[in-house]
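My questions will all concern the structure given below.
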Amino acid sequence: MNPFTLLIIYFTIFSGPMVTMLSSSFFLMWIGLEMNLLAIIPLMVNKSNPRTTEAATKYFITQATASMIFLLSIILNYKQLGIWFPQPQTNNLASSLIFISLAIKLGLSPFHAWLPEVTQGIPLNASLLLLTWQKLAPMTILFQIHQAIDPLIIILSALASVLIGAWGGLNQTQTRKIMAYSSIAHMGWMISILPYNPSLTMLNLLVYVVLTLAIFSILHPHSLISMKTMSLLWNKAPILLPSTALILLSMGGLPPLTGFLPKWLIITELLKNNNPVMATVMAITALINLFFYTRLIYSTSLTTFPTNNNSKMTLHQTSTKNYFTLPSATAIGTLALPLSSLMM
């Protein structure tokens with residue numbers, strides 16, 4: 001792709017969430033979401049083939065539907081209150097429609113079915129943007145208007161998301177689908193605490209973005225698209241094996257790694273607000289998530305699959321891959337737990 005075209009695309013992708021996050025008008029938020037939607041599609045079909053075309057079409061249809069619902073909800077809000085700004089007085093229909101549209105954009109259950117299929121069909125760099133940067137704008141809107149949304153709807157969607165994110169990833173062998181179901185589960189954790197302590201939602205989002213960036217910094221340079229290809233990482237870049245294991249264990253929320261911090265704080269906050277059932281269910285589903293992360297670690301670090309001599313020789317070749325973000329993302333994603341007192 002033309003470098004000038006790429007520059008415009010990435011600038012638009014960067015500007016879309018910025019417009020949404022810095023605006024207080026629903027209409028400007030909608031414009032930022034549309035900028036985000038239209039800019040990422042060329043990256044999805046950069047390597048044109050039937051899979052990427054299908055994935056980009058699915059993404060466009062679902063996101064356009066969500067944008068239409070969001071526009072309808074802000075028109076209803078304007079008809080009721082006469083303003084384009086979020087208010088706690090927004091009626092239940094408009095607030096429910098806003099939540100549905102944002103749930104579709106975030107891939108929350110029961111509107112999650114598009115996310116694994118789209119993530120699987122696009123390149124790894126586009127998958128990284130889809131699972132991280134594309135979440136910022138909808139989550140910011142949710143953060144601003146959570147008081148107008150019925151907490152019961154949020155909690156039910158959060159429970160369904162963590163359950164589907166856990167069970168859906170169990171039998172997957174494709175790394176992009178595993179990351180997609182991991183995203184669904186993490187989104188469920190984020191919105192579960194939204195009615196009680198929205199700042200923890202932002203903390204969880206930050207930790208999730210850092211961990212996802214770290215794992216894709218390993219997947220993308222070596223095109224690790226399945227568990228089979230991950231099993232050959234030991235003879236491509238053996239120094240990455242400890243980093244891969246630490247990042248995946250942190251994503252699973254295993255103490256004393258950074259990924260344990262948001263889960264610990266969220267469960268504590270749920271117990272403080274007399275919601276022990278939800279805290280228990282979410283803790284159990286976190287164990288299921290940890291299981292399929294452990295499967296990835298097992299296939300990467302603890303087994304040596306049968307390989308021919310040519311592939312074994314790659315161990316002795318000098319790696320030309322660049323890992324610009326990996327050291328800092330790994331350090332933050334695994335060693336930040338002692339800073340929990342400052343974050344709290």
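Just so it is clear, glycine is given a Cβ too, placed from its N, Cα and C backbone atoms.
Sharing the record's features from TrEMBL:
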DOMAIN    23-288  domain 'NADH:quinone oxidoreductase/Mrp antiporter transmembrane'
DOMAIN    290-344  domain 'NADH dehydrogenase subunit 2 C-terminal'
TRANSMEM  57-76  transmembrane segment
TRANSMEM  96-115  transmembrane segment
TRANSMEM  152-171  transmembrane segment
TRANSMEM  178-196  transmembrane segment
TRANSMEM  202-219  transmembrane segment
TRANSMEM  239-257  transmembrane segment
TRANSMEM  277-298  transmembrane segment
Should anything in the same chain at least six residues away from the transmembrane segment (152-171) have a Cβ under 8 Å from its Cβ atoms, list it; otherwise answer none.
96, 99, 103, 108-110, 112, 116, 146, 177-178, 181-189, 191-192, 194-195, 275, 278, 281-282, 285-286, 288-289, 291-292
Among 57-76, 178-196, 202-219, 277-298, which stretch has the highest count of C-beta pairs below 8 Å with the transmembrane segment (239-257)?
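Counting Cβ pairs under 8 Å, the winner is 277-298.
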If we skip the immediate neighbours and take only residues 6+ beyond the ends of the transmembrane segment (277-298), which ones have a Cβ under 8 Å from one of its Cβ atoms?
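The answer is 155, 158-159, 162-163, 165-167, 169-170, 172, 175, 178, 182, 185, 188-189, 192, 227, 230, 244-245, 248-249, 251-254, 263, 266-267, 270-271.
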Quick one: mean pLDDT on the domain 'NADH dehydrogenase subunit 2 C-terminal' (290-344)?
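Across the domain 'NADH dehydrogenase subunit 2 C-terminal' (290-344), the average pLDDT comes out at 71.
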